[in-house]
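Annotated features, as they stand in TrEMBL:
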type     : residues : note
DOMAIN   : 2-166    : domain 'CSC1/OSCA1-like N-terminal transmembrane'
DOMAIN   : 188-357  : domain 'CSC1/OSCA1-like cytosolic'
DOMAIN   : 368-606  : domain 'CSC1/OSCA1-like 7TM region'
TRANSMEM : 62-87    : transmembrane segment
TRANSMEM : 146-165  : transmembrane segment
TRANSMEM : 370-393  : transmembrane segment
TRANSMEM : 422-442  : transmembrane segment
TRANSMEM : 462-484  : transmembrane segment
TRANSMEM : 509-529  : transmembrane segment
TRANSMEM : 567-591  : transmembrane segment
TRANSMEM : 603-620  : transmembrane segment
Amino acid sequence: MLLFTWLSSRPGNAVVYYPNLILKGLYPADGRSSTRNPFAWIQEALSSSEQDVVNMSGVDTAVYFVFLSTVLGILAFSGAILLPVLLPVAATDRAIVDSLVNSTSNSTLNATISGTKSMLNSTINATFSELDKLSMGNVKEKSPRLWAFFIATYWVSFVTYYLLWKAYKHVAELRANALMSSKVRPEQFAVLVRDMPNPPTGQSRKQQVDSYFKAIYPEKFYKSLVVTDNRKVNRIWKELEAYERKLAHAEAIYAKSKKKKNAEGKGIRPKNKTGFLGFTGKNVDSIDYYNEKINELTTKLKAEQKLTVQQKQQSSALVFFNSRVTAACASQSLHAQMVDNWSVIDAPEPQQLIWNNLKIKFFQRQTRQYVVYLIVFLTISFYLIPISFVSALTTLANLKKLLPFLEPILKFKTIETVLESYLPQFVLYIFMRFLPKFLLFLSKIEGIPSESHAVRAASGKYFYFIVVNVFIGIAIGGTIISTIKRIEKNPNSVVTILAESLPDRATFFLTYVALNIFLGFGLELSRIVPLTIFHLKKKYYCKTEAEIKASWMPGGLSYGKRVPSDMLVITIVLCYSVMAPIIIPFGVLYFGLGWLVLRNQVLLHYFSLLLLPFLSNLILY
């Protein structure tokens, strides 16, 4: 927070920290304003209303904050009872100490009393931490104190169900208001039609669609737009845009060289090679070469567009009506006896459509879906192996063996304690950062038609992934590995052993939540990585105003990885809230700080409503 306060007030950094204010003209882009209080963002975030969020970033973002505030309420109300009741109940019992006394006395029957006492003290200190005394593991077996934990489970359940019910009603109202808004959008008058059969002989695709829907909706049908295969057109368009950017870049370099003046009083025209990555081929004048390529590609693009419209029509279309009610009814009605013909769904926003997926047939989509599920299952099953391997390598003992030069540094007790507590969790955090894009790619190749649907599918996969690999894998997998000999001797005791081990994993998950608080939200607020990238691009690459603006243009909330990560934290905290109530304050801090930081980011940084990649009107959820 202090780093954010200092960096955001530095000249030239405002575009990274206040892009939305700059785009609205409320803050100077050069960062020279001295009137803005660096701590004003806290007050602005706390005082902002839900309608402010809806106006700035849409209903999807507003519902995300409903989720954060609901979870915060669940943990706050649960902690208000569990912390003052269960902590004293657990801390005043002696189950852990007594178990250590019994195990030590059995192995040291011939030891002296003083020797036994000293051995007990060292054994106790080495075997459990003070945090273990505050968990259910410190309560004796069949103790009446366990009734307190039993009743606490029902209290947490009641609070969770009640607040989720209130949140559901509120979210349903938000969606209804969004759909009934007077601000109409084109997709509300349209449906997406897929799996169209081959047209009759002598009839074009457009004639087929028009005649079919005119027969069903004679008065309400407006027009249709047949989807075409635009892959080649898109490639030419992207190439044309790239040359236009290169031309602007070259002209900016030339203009800058004119100001410096060479010996002849003329600017130096930039040159480049036409071969691989600009390292090989003929050396040419960049401005003339780029102008030539732009003219060539413009002609090629017009010809390809005409050919695409005439010859590359696909088996899907967008059908428009002159009534929102008719479009809604059409999207919920069957239009053919067979499920693989004339599939009709709500039309996504134009910028949401994944055009290459629209032509994929019904049974091909089904096949792709099962193949992707199999890939995800295999990934979930085997991803824990590299995580466990790397985590094992990053223990302090192994680090000393692999990297002997670190041994003098690790002699410092503070550094050793920090690394021992957070290094395995940090490795886990890094591994989890690589997954969301891969899972989004898998979701898109299923044949999903819209971005919001793909994000939702990727979120579900990511949630199952992290629950299995992080939560179940570490909580249960670690126990099985450490107690494999006990399980081999008595296989029927596996359930008892796993149940007994759950409280012992509370410390690991507590530090995992703490790491997400300080590392995740710390990086989110301070924006060190985007700030560094912006200044490097500005200094060494950006030559035009468009390039500079593109380097700081804000992004959007990454729902695909943010929501599943939050769901993992609430799963961990709710699971251990009764067994180890000390984890509840960390959960409250995570969601409270997350609400504050992300509220600031939505209001000041992330995409404004006009620049959002899509608005799903809660289809995302």
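Using N, Cα and C of the backbone, Cβ positions are placed for all residues, glycine too.
Where the annotation comes from TrEMBL, it is an automatic prediction and has not been curated.
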Outside the transmembrane segment (146-165), six or more residues from its ends: residues with CB under 8 Å to it: 70, 73-74, 77-78, 81-82, 85-86, 89, 136, 139, 574, 577-579, 581
Spatial neighbours of the transmembrane segment (62-87) far in sequence, C-beta under 8 Å, 6+ residues away: 50, 53-54, 134, 136, 148-149, 152, 155-156, 159-160, 163-164, 166-167, 170-171, 174, 557, 559, 562-563, 566, 570, 573-574, 577-578, 581-582, 584-585, 587-588, 591-592, 594-595, 598-599, 618, 621
Model confidence over the domain 'CSC1/OSCA1-like cytosolic' (188-357), averaged pLDDT: 86
